[in-house]
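Below is one structure, written out as structure tokens, with a few remarks after it.
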Amino acid sequence: MTTLTARRPRIDSTNGVWLALGMTLIVGGILVATDGGSLFGQNSTVSLLQRAAGLGIVAVGQTFAILAGSLDLSVAYVISLTSLIAAETMAGSDGRVLPAILAVVAVSGAIGLVNGLLITKLRINAFIATLGVGLLIKGYLEQGYAGPAGSVPVSFQHLGYDRVGPAPVAFLLFIGVAAVAWLVINRSRFGHHLIATGGDLDVARLSGVRTDWVLIRTHIICSLCAGIAGLYLASRLGAGAPRVGAEGGYDLESIAAVVLGGTVLAGGKGGVAGTVGGVLLLAVIDGIFNQLAVDPFFKQVVRGVVIVAAVAIYALRLRRKVVRKAAA
Amino acid sequence: MTVEAPTGPATLGQSRRGRWGAGSILPVVAILVLLLIAVGIRQPDFYDPPALLAFLKRSAPLIILAAGQYFVIVAGDFDLSVGSLVTAEVVIAARLIDGDPSATWPVVALVLAFGLLVGLVNGLVTTLLLVPSFITTLGMYLILVGAVYTWTGGSPRGALSEEFRMLGRRGIEGVPWLGEIPYAVLILLVLAGLAILAMRSDFGKVLLAVGDNPRAARLAGGRVAGVRTIAFVVSGGCAAVAAILLGGFGGVSFQVGAGLEFTAITAVVLGGVVLGGGRGSVVGAMLGALTLQTLLTLLNLLGVAGALASAVQGLIILAAVAIGGLRART
């Protein structure tokens with residue numbers, strides 16, 4: 001049994017998404033080419049990566065939450081809130097970019113702390129706790145804002161619009177966040193505790209992991225990522241937008257991207273690499289459909305099918321593995 | 001689907017959980033009574049039978065949705081597709097009826113069949129393909145929203161017939177003392193009765209066992225996949241009924257069902273049902289929905305603007321669930 005576990009790659013099913021991504025790129029590239037377009041042209045690649053960045057940063061944070069066996073439904077509202085905080089603090093002046101970033105970090109971190117405390121100290125189910133916190137923020141946003149507010153100085157808009165070669169700065173930011181997250185999850189003590197907590201909370205606690213503290217930190221990280229995405233969207237839009245998060249569906253889409261990347265929803269298995277693949281896969285599907293000028297609503301249908309199919313394939317492969325192991 | 005059940009491991013003995021702990025309906029009854037008293041103070045004629053019946057009529061769709069969601073949640077699953085299913089049903093009905101009264105009943109039958117079918121697909125994908133229900137129904141949500149927008153080209157077309165709307169709007173008139181008995185309330189009573197009976201039957205007992213410990217239920221000979229699938233079918237059917245009633249109340253739009261999945265889940269949890277399964281009663285779930293509706297009515301009466309209402313709603317849900325969870329621990 002132990003030898004079998006050792007032989008199995010440590011992160012299973014996160015490799016599958018890269019395979020799917022490669023196949024989608026090939027098939028999509030051919031389809032788009034026969035249609036007379038180009039999936040790999042400068043413009044389409046840039047807009048594809050641009051779209052991936054926002055969702056990607058949120059999804060990296062969501063990966064932490066899901067790995068720990070939790071989830072965060074408040075991220076969409078945290079994004080809207082932090083985009084407003086950023087734009088209103090900056091108020092168009094270059095000198096206030098740093099205070100704005102600090103304010104966003106403080107507020108999103110505090111929201112994550114509240115989420116974590118509700119889940120660990122008050123023992124509220126993560127689904128309900130983060131949904132309730134999301135409703136609170138939503139109420140505040142709807143009460144205080146009718147439309148976009150604040151403004152972002154031109155210097156800060158570099159984040160949203162500049163690029164290095166074909167790669168937008170925002171996409172590099174996403175890859176940077178993902179790389180840091182990978183290091184934290186795979187190389188730090190906290191990362192190991194995170195996986196242990198997500199795998200089995202009681203076993204982790206009995207083994208001496210301070211699971212409450214792990215979960216609290218996890219939720220702070222998740223909210224911080226949403227805050228970073230809020231900063232990016234503020235820079236992209238030039239202002240704060242009270243509905244940008246909810247309309248973008250960042251809560252459920254980020255969970256979908258994580259799961260598409262092979263991270264198990266119940267926690268304890270998966271990783272950031274898969275999430276990056278999941279985000280890219282969603283973005284590539286988007287890009288292909290845009291190039292083919294397919295009905296934009298039909299994209300939703302395909303997304304739904306892809307997500308369910310991917311998870312079904314992971315689940316069936318996992319079961320086959322278990323069956324094989326039982327037979328051996 | 002595990003998102004850390006709030007009550008700790010299932011090893012806690014039934015007796016130690018107490019009458020106020022998780023799964024009990026007493027907390028929600030207490031909150032409901034308090035809210036009803038508050039509403040009564042603010043608006044004394046709320047308790048006139050016709051006004052009360054009108055309130056029940058408005059609450060019926062959410063209560064029915066919560067009952068359906070209960071079956072899924074108590075088995076340890078989620079159904080996130082109900083909101084989009086309600087929207088899809090209303091939009092489909094409007095387009096197919098297109099103002100033609102003679103099409104009403106066939107379309108009602110079709111709407112019900114479609115709801116059951118969506119539930120069946122959710123159930124089969126979850127149980128046979130082993131996809132966590134959160135993902136299955138999230139996928140179904142995306143599919144339904146996308147399909148309905150694609151089918152209608154971006155804006156709903158057609159119109160519901162007066163006969164269709166009658167189910168949600170009208171009632172048996174001229175009843176002494178009560179005034180009008182809305183059809184919605186009658187439908188609600190029938191479904192509530194059926195739900196209670198279902199939970200008392202063998203099916204209900206297996207369902208609870210599955211939610212509590214699927215492995216044990218399977219080893220004990222329960223048809224786990226079967227009852228879980230039926231739970232999804234029930235939820236889909238309930239969403240269809242709710243859609244028919246909601247179509248009667250309001251206009252045809254893509255917003256009819258928006259967010260209803262979360263409201264329904266919130267209602268169920270407010271009613272003392274534990275996410276993760278195995279605890280709680282269908283009566284609690286329905287009372288949770290009624291409590292939520294009463295809360296919204298009260299906020300309305302107090303002049304709390306619609307925007308702030310969601311914040312207050314969030315606060316109260318957190319408080320209610322936190323108190324329930326803490327009580328369960330002591």
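Including glycine, each Cβ sits where the backbone N, Cα and C put it.
For reference, TrEMBL has these:
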type	residues	note
TRANSMEM	A:17-40	transmembrane segment
TRANSMEM	A:52-77	transmembrane segment
TRANSMEM	A:97-119	transmembrane segment
TRANSMEM	A:126-146	transmembrane segment
TRANSMEM	A:166-185	transmembrane segment
TRANSMEM	A:214-234	transmembrane segment
TRANSMEM	A:297-316	transmembrane segment
Candidate ranges A:17-40, A:52-77, A:97-119 - greatest C-beta contact count to the transmembrane segment (A:126-146) (under 8 angstroms): A:52-77
CB contact flag for the transmembrane segment (A:166-185) and the transmembrane segment (A:97-119), at least three pairs under 8 A: no
Highest-contact recorded stretch vs the transmembrane segment (A:52-77), from A:17-40, A:97-119, A:214-234, A:297-316, CB pairs under 8 Å: A:214-234
Long-range Cβ neighbours of the transmembrane segment (A:297-316) (under 8 Å; 6 or more residues past either end): 13, 16-17, 20, 256, 259-260, 262, 281-282, 285-286, 289
